[in-house]
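As given in Swiss-Prot:
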- Glu296: active site, proton acceptor (ACT_SITE)
- Tyr382: active site, proton donor (ACT_SITE)
- Gln140, Leu141, Glu142, Pro266, Tyr267, Gly268, Gly269, Met270, Glu271: peptide binding site (BINDING)
- His295, His299, Glu318: Zn(2+) binding site (BINDING)
Amino acid sequence: MKLPAVLEERRAAATDRSTLSNYEDFAVRHTNLELEVAFDERQIRAEVCYDLEQTGKGVAEVHLDTSYVQLECILVDGKRVPWELRERQEPLGSQLVITPEGGLPARFQLTCRSVTTARSTAVQWLGGAQTAGKPYVYTQLESVHARSLVPCFDTPACKSPFTVRVRSPLRAVVAGQEQPGSGKDGVYVFEQPVPIPIYLLGLAAGDIACAPLGPRSNVYCEPALLEAAAGEFGGEIERFLDAAEELLPRYIWGNYNLLVCPSSYPYGGMEVAGTSFISPSVIAYDRSNNDLIVHEMAHSWSGNLITNANWGHFWLNEGWTVYLERRITGALHGEDTRQFSSLLGMAELEVAIRASNGASFALVEDVSESVNPDNVVSLAAYEKGSALLLHLERELGGTAAFDPFIKHYFGKFGGQSLTTWQFLDILFDFFADKREKLERIDWKTWLFAPGMPPKLTYSTSLADDVYDLAEQWLEKAVQLRLPEEFAAEFSGSVLAAFTTAQQILFLNTIIQGGVSPDNTFDWTQHPVAAAALLSVYADTLGKSRNQEIIYRRYNFQLTAGMEDAYPEITTWLGSTGRMKHVRPIYRRLASIDKALAASTFQEHREKYHPICRAAIQADLGLS
């Protein structure tokens, strides 16, 4: 069945151009990974063994991805073979070419021994001063950083089961299920029987404790944080899994665990298979950020079970995941909550697009060899992608019609890596009786156009009071002159009665100066009003332990030019490495005082993960 012409004319091969490997020539039947963590030397010694089977005509070479790893030897079926490390090609690293004399058998074992170096972008080493007291190491492999841990087929198109053994003087946690006897003699053993791409592998080692969260979930973190983490997430995971399994095929990954990383972790969460790595910033001490856990859990189907075949189709990972996250939270908290989250997400996408200096924000991107996949990640994949799926749901007959497709898609095609065109083939085939409706969708704008997607409508029942309050503040900021006038006009109890998500929308609206980003309101011209707002809502905003509130409060203070807040803000920038929070604050600070932003970054740069460090450096225009 052919797709409409607007789609067929753009159909492209699934080839991943972000890898230097010849992954299409081989199937990886199993991967055995032996790691040794050396904290004193800040090195990870690795021996990775791939069970490879040729997929077509015989090839004479294996090409693997590497980046800043020190190679020791390569073996094919236990015998050393010649290899060549070719000149580095930014941003993809150095191609490792393995050419055994006499060629390659149809099926063979390929073993690579290597050591990480100080330039490995996958690994962050933390000293005791950066943790609760003991050294710690963790990896972040998405999107193309696994190649700086071990030589590999570093592409989401290549999947295999894994067995991982880690020798470490401190407890280690890896993607997968920990095996009986793990930890004996300092060797930690994990099995991942479900095939995954290597970027979904993860390693952490340090002073790590463990507590149960439910019948099929545990939390790992430093002992000092264990009570808070168990309190935040205990009892929640099973409830989330039950709701997910109502919508999706059963969860196949064994336990669903959480690893709470040190504060330098660059993301809110990472869907490491079976054990999501999350930032401690998720702990709000009132469970108000736990939707992020639902998001990472939803990746167990979208991203981990069905994976984008290359990074130009990243929305198949993230757009689906946001859609599923909101379906699950809607089932738990009501449809109005789902609608509100969609509205909030679309508003944040519009702000991001306006602040992007001309970035594409197309849903399907052309990620060539010269493009770092890290740099094409944007809210478009998340929000535009989820909005497209919501649009499909509505156009095809609502959840009653769309839900059978969800189970069909993840049930029948689980384990595969797909492109947008393969997804569309599946969609058009399943809804063959509704082809006319599918053909009426503006696919060109949704998939390929830059900027905002076609506008959808959302219920505003949870947003109306928020917008009203924000507009009142903007109106009174112009009219009133004295702090006591604001105190008489506004009550702190109103904002306190809002949910955290509503408080976030309030702050977003206040920061941008109105419901629409098209405005000219300048908070620096209204210092009394800005100070009064923080005073009236001191109990809600000033005492919040939720990082989503804290970082927006700092953003507001910078927007309002409140220089007395700068010392607190610059100190806070050294306390967290979550890019969602620190990058906007650095950018805002740089727009006001570039020298202060640069000096603050230089003070804290070694606290950040290499991925975060490079991103901030680029944001600030520093070499």
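Every residue, even glycine, has its Cβ placed from backbone N, Cα and C.
Model, not experiment: these values are computed from the prediction.
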Restricting the comparison to the recorded positions His295, His299, Glu318, Tyr382, which residue's C-alpha is spatially nearest the C-alpha of Glu271 (peptide binding site)? His299
By CA distance, which of the binding-site residues (Gln140, Gly269, Glu318) lies nearest to the residue listed as 'active site, proton acceptor'? Gly269
Among the recorded positions Gln140, Glu142, Tyr267, Gly269, Tyr382, report those whose Cα falls within 10 Å of that of Glu318 (Zn(2+) binding site); none is a fine answer. Tyr382
Residues near the Zn(2+) site, His295, His299, Glu318 excluded, by Cβ within 8 Å of the Cβ center? Gly269, Glu271, Glu296, Ala298, Ser302, Gly303, Asn317, Trp320, Thr321, Val322, Leu324, Glu325, Tyr382
Candidates His295, His299, Tyr382 (recorded positions); nearest Cα to Glu142 (peptide binding site) turns out to be His299
Which residues in the same chain, at least 6 apart in sequence, have a Cβ under 8 Å from the Cβ of Gly269 (peptide binding site)? Ser276, Phe277, Ile278, Ser279, Val282, Leu292, Ile293, His295, Glu296
Could you list the residues of the same chain, at least six apart in sequence, whose Cβ is under 8 A from the Cβ of the residue listed as 'active site, proton donor'? Trp315, Glu318, Gly319, Thr321, Val322, Gly345, Leu349
So, three-state DSSP: helix, strand or coil for Glu296 (active site, proton acceptor)? helix
Span of Gln140, Leu141, Glu142, Pro266, Tyr267, Gly268, Gly269, Met270, Glu271 around peptide - largest C-alpha separation, Å: 15
Could you find out if DSSP has Glu318 (Zn(2+) binding site) as helix, strand or coil? helix
Mapped DSSP class for Tyr382 (active site, proton donor), helix or strand or coil: helix
